[in-house]
Structures are given as C-alpha cells and as structure tokens.
C-alpha cells in the first residue's frame with residue numbers, strides 16, 4: 001500500500017500531464033501537473049478540497065479546480081475531457097489575440113527604447129535562470145519568485161534558504177551545487193555503466209538490461225548528467241499489472257544501488273522513474289542521475305526519447321504529426337480519421 005495519502009490524485013495529475021505532452025504537445029503543462037503531483041505527495045496528508053490543495057506551492061487555481069472536480073466526482077475521464085476543452089479554448093483565445101495583435105499599429109515613439117529594455121531584462125532573467133539550472137525542479141516561475149525576493153545568485157540562495165522556501169530536493173542540490181556544475185567524462189559514465197550492470201546482475205528477482213542514454217549516447221565528450229534506461233525483459237505494456245511491476249522493479253533496483261553506495265540521496269521517484277544524487281567512490285564528486293524503467297515493448301520509443309536532445313525530440317515529434325503519426329516516449333501510433341491515436345505500431349529499432 002502506498003504511503004502517499006493523495007496517491008489517486010497524483011496518478012490523475014500525472015495522466016493529465018502525459019495527455020497534454022503526448023496528445024496536445026504542451027510540454028509546460030506536463031511539467032506543471034508533475035510539479036503539482038509532487039507537492040501533493042510531499043504534503044503528507046489527504047487534501048479534502050481544491051482550495052486546500054491550492055495553498056501548496058506549485059498548485060494554481062486551474063489545477064486546484066481539477067483536483068476539486070476529481071474529489072467530488074471521482075471520475076478521471078471527466079477531468080481529462082475538461083482539460084482537453086480547456087486546451088482547445090486556450091488555442092482559440094491565443095489565435096484571437098494573435099489576430100488582434102497583427103491588426104494593431106504601434107504608434108508609440110518610445111517603442112524602440114521599450115523593446116531594448118525588455119530584451120535586456122529578458123537576457124538578465126536568462127542569466128539568473130542559468131545560475132540555478134543545477135537546482136532540481138527549479139522552474140522559470142520559481143526563478144521569478146526568487147528574483148522578486150532579491151535572490152539572483154547562488155550566493156544569495158545559500159544565504160537565504162529559509163526565505164527561498166526550497167523543498168528538500170532543491171536543498172540537496174544546493175548542498176552539492178559545486179559538484180553538480182562539474183562536467184562528467186565518458187570514462188566516468190562507463191564506470192557507472194559497469195558498476196550498475198554488475199549490481200543488477202546479482203539480483204535474481206528481476207531480469208533487466210541497461211543502456212546509457214542522453215548526452216553520452218549522443219557521443220558528447222563532457223556530459224551534464226547521467227541518463228540510464230532500464231529495460232524490464234519480463235514485462236509488456238499490455239500486461240494488466242505492468243505499472244505495478246515497473247514500480248516494483250524500480251524499488252528493487254533503487255535498494256540495490258543504495259546498498260552498493262552508488263545512490264547517495266533521492267531527489268524524486270515517480271513510479272518507474274527515479275532521480276537522485278550518485279557517486280562512484282567516497283572521494284568522487286556527486287553526480288545527477290536519471291533512472292527510467294520501461295517494458296520491453298516500449299524500449300525503442302523510450303530509447304529515442306531519452307537519448308535526446310529535447311530540441312531534436314520536439315522537432316521529430318512535430319514532423320511525425322505532420323505525417324499523420326503521434327510519437328511519445330511510450331509509443332508510436334497512427335492518427336485515425338477521428339484524430340484519435342490508434343494502436344501502437346511495433347518497432348524493432350530507431351531506424352524504423
């Protein structure tokens with residue numbers, strides 16, 4: 001049984017986020033739903049209303065309304081339909097605003113000066129955001145709130161941890177900030193590959209294999225983090241207990257890597273996805289590692305997605321939509337006449 005009293009709400013939010021990402025292609029909403037789910041998990045007690053949920057950091061009025069609907073109706077499909085309608089409405093409003101903007105003529109004599117000021121402010125915001133990019137889960141909204149409080153540098157953040165209201169994972173990243181800024185050599189990642197493989201081979205209750213992805217697989221010499229794809233060779237996505245099996249596999253792997261002193265601290269765990277701080281030896285610097293467990297029939301899409309880069313993935317995904325397909329980290333489907341994705345197409349490799 002889960003220790004999270006809001007597990008059903010978190011599951012609903014995660015599914016809504018995946019729907020926004022995989023069907024509507026709206027990445028920022030995907031991250032917003034995940035952030036809300038993490039806030040609920042960290043809350044530690046059952047929320048009784050959307051208003052109570054909205055008091056938590058990371059949950060705005062729209063997500064709070066969906067939580068309220070779910071608590072009152074208990075129907076996930078109704079909430080998802082509402083989300084789809086909301087997305088369509090936002091699209092219409094966006095088009096309307098764009099049309100109005102195109103028909104307006106700017107007669108202000110200070111337009112050029114204002115534009116320069118805006119660009120300068122934007123560039124400054126980018127620099128501030130870049131300085132916080134090693135703090136796990138730090139979004140643009142978080143950076144904006146910190147800037148309002150006068151926190152614009154890591155030194156400011158270290159001196160004002162209480163004011164910054166960092167969560168536990170962000171405090172851990174701040175503690176190891178200097179290590180996490182260091183690049184990771186391919187040689188070091190290969191050592192992690194060997195160590196993790198040897199550890200998992202000792203486990204008799206799972207049958208998995210691993211592949212290093214991300215920047216390493218893209219043959220970049222110095223990497224920012226370590227991305228590990230774990231393929232469960234026993235589980236298929238069509239199995240009735242697939243989700244439970246993947247979560248169980250992730251827990252087994254996590255415990256084994258903690259026992260081997262590979263995993264030092266946990267930042268987040270979401271079912272079959274784990275993010276944590278790892279190191280090879282006591283004297284080695286701390287590194288950020290993503291672990292993702294997938295069933296064997298989702299291996300190709302997951303490998304393609306986790307290899308990246310994010311920009312390349314988005315470009316290919318949009319190209320697939322133009323060709324009448326939906327590509328997600330889990331599947332590759334043809335879009336039907338009703339614009340509803342069909343059954344996943346079986347893929348043997350990325351070339352297909």
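Cβ atoms here come from the backbone N, Cα and C positions, even for glycine.
Keep in mind that TrEMBL annotations are predicted by a computer and have not been checked by a curator.
Residues or ranges marked as domain 'DNA-directed DNA polymerase X' by TrEMBL: 4-352.
Residues or ranges marked as active site, nucleophile by TrEMBL: 66. In three-state terms derived from DSSP, residue 66 (active site, nucleophile) belongs to a helical segment. Its Cβ taken as reference, residue 66 (active site, nucleophile) is surrounded by 24 other Cβ atoms within 10 Å in the chains shown.
Under the heading region 'Disordered', TrEMBL lists 76-118.
Here TrEMBL flags 83-105 as compositional bias 'Basic and acidic residues'.
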